[in-house]
Amino acid sequence: MGKFGGVSEKVADARSRKADAKKSNQVAAEKKQEDEYWDQHSNPKAKRDTKREEQEKQREEAAKKKAEAKRLAAEEEAALAAAAKKKAAKPQAAKVTAAQLAYQREREQAEQRELAAQKALETKRMVTEEEHAAALLVANRNREEGVVEARSVDAALEALTLDGSPADRHPEKRAKAAWEAYYAEQLEVMKQEKPGLRLMQYKSMIFDRWQKDPRNPRNQRVENFITPPGQGFLPRETALHHQEWAVKLVQQALAEAGLTPADISCIAFTKGPGMGGPLVSCAVVARMLSLLWRVPIVGVNHCVGHIEMGRCVTGAQDPVVLYVSGGNTQVIAYADRRYRIFGETIDIAVGNCLDRFARVLNLPNDPAPGYNIEQLAKKGSKLIELPYVVKGMDVSFSGILSYIEAAAHDLIAKGEATPADLCFSLQETIFAMLVEITERAMAHVGTHDVLIVGGVGCNVRLQEMMQVMVEERGGALYSTDDRYCIDNGAMIAWPGLLALKQGAAMELADTTCTQRYRTDEVLVTWRD
């Protein structure tokens, strides 16, 4: 009710809306009822005709689309057939690489030389029987008593020594002997070129020439990957270095040896162990050369390569092998066609221990961190007590490295030790560990001879300590100089050739690399 007794406006509006809604619903219901009526009473025939017309129209449109698609497919097939016919009429020449052309030229030149030699032999005047009977016989003086015979460079050097002493394989002594010979030769030359100088002036000038002379043994190791002081070898950078120099070194080796690819009978590559990047880089080059030169390919275990190279150079028959390098430390002996590992490091290698301590002292990496530690250790005299970890025939170097890394700077700062003393102490401790496990392996297998291989095997102090132990047991120590101790191509080529003779050529799909390729996994078929 309104304020003054009338009807409220809101009520009136609500009633109006309600009436309008009711009316709208009523109109909609009537319309629906009317539509239903007409649907029920319309002509069914007319509806069927309409539906039939719509279906017919849809079928016609589908037929048109199908015909159009068929026409386009026929045109495309005709175009392809015409292109194939045109290509068959004018075949493209097969692509030939520069290496294939060079190989083909070399083969043609070799064939031409062979034909020329054969033709010259055919046209050469033959000796008659009368001339042959009348010819004077000349005695072969190459086998006379007193004439030097040698089957290798080292054997020749040993045979040519006046005092009968064996050739010294030690790298430092060999370098010293080479320097003394060079100095004696150049001194006379310098006195003639620049007379009137003092002896020290001559020596200084000769030494400057010696640093660049190819007769210097240190100049024979070229294209080494040298990192800045305090840094190690990163796999990626080392792989890039190998990729840059691999083909160049192959070309240089062939040129210096006077050989052609036609003279190569086998390609050997390092299958493992090692860093993945450098291994794969060299394996790719080996596969490429094997395919280009059409020669078999053989994968070689890096450790076995060191052992066989040492046996070949020194003539050792059945020794206990101490394999020491930057990545491996193993005591090995041969048994049942395998190189059995009797002892090894349980963490890091001895070479890795030396290299990492060289970074602590910021020693240069040229020519090698371990070599620079060896030189510095010669100036040390104070022995610092360090951890000594040997268990059976196994050793551990991580503890001694952690200890000396932590204590080095404090000892040097307090004046309790010099860098030379630390290098001396480190060498004495770890080499004593190596001598101990080697002696245990000798007692176990019953042999008195020892062969040291690997990059650390060049160390003078290690050889001296091992020599003392071997002499006490009545045996012989075999070691090589830096030409064969440090990683080189000959140590891979030699066992590769031995394996090839036993039918070890590999399929290309099998020439993969294995970073953890253990020494005792290799079946040594070339030994009894």
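Every residue gets a Cβ built from N, Cα and C, even glycine.
Where the annotation comes from TrEMBL, it is an automatic prediction and has not been curated.
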**OP:** May I ask you to find which of Tyr323, Tyr334 TrEMBL records for the divalent metal cation site already listed with His302, His306, Asp487?
**Re:** Tyr323
Subject >> Same-site substrate binder from Asp347, Asp355, Asp394, given that TrEMBL records Tyr323, Val324, Ser325, Gly326, Gly327, Gly370, Glu374, Asn459 >> reply: Asp355
**OP:** Sorry to bug you, but what's the C-alpha spacing from Asp487 (divalent metal cation binding site) to Gly327 (substrate binding site), rounded to the closest Å?
**Re:** 12
Original post:
Between His302 (divalent metal cation binding site) and Gly370 (substrate binding site), what is the CA-CA distance rounded to a whole number of Å?
Top reply: 20
Original post:
Compared by Cα position, which of the binding-site residues His306, Tyr323, Asp487 is the closest one to Asn459 (substrate binding site)?
Top reply: Tyr323
Original post:
For the binding-site residues listed here, Gly327, Gly370, which shows the highest count of neighbouring CB atoms within 10 A?
Top reply: Gly370
Subject >> Those binding-site residues listed as His302, His306, Tyr323, Asn459, Asp487, and which of them has the most Cβ atoms within 10 Å of its own Cβ >> reply: His306
Original post:
How do the residues of the compositional bias 'Basic and acidic residues' (10-39) split into helix, strand and coil according to DSSP?
Top reply: 30 helix, 0 strand, 0 coil
Subject >> For the domain 'Gcp-like' (224-494), the mean pLDDT of the predicted model >> reply: 93
**OP:** Round to a whole number and give the Cα-to-Cα distance in Å for the pair Tyr323 (divalent metal cation binding site) and Gly370 (substrate binding site).
**Re:** 15
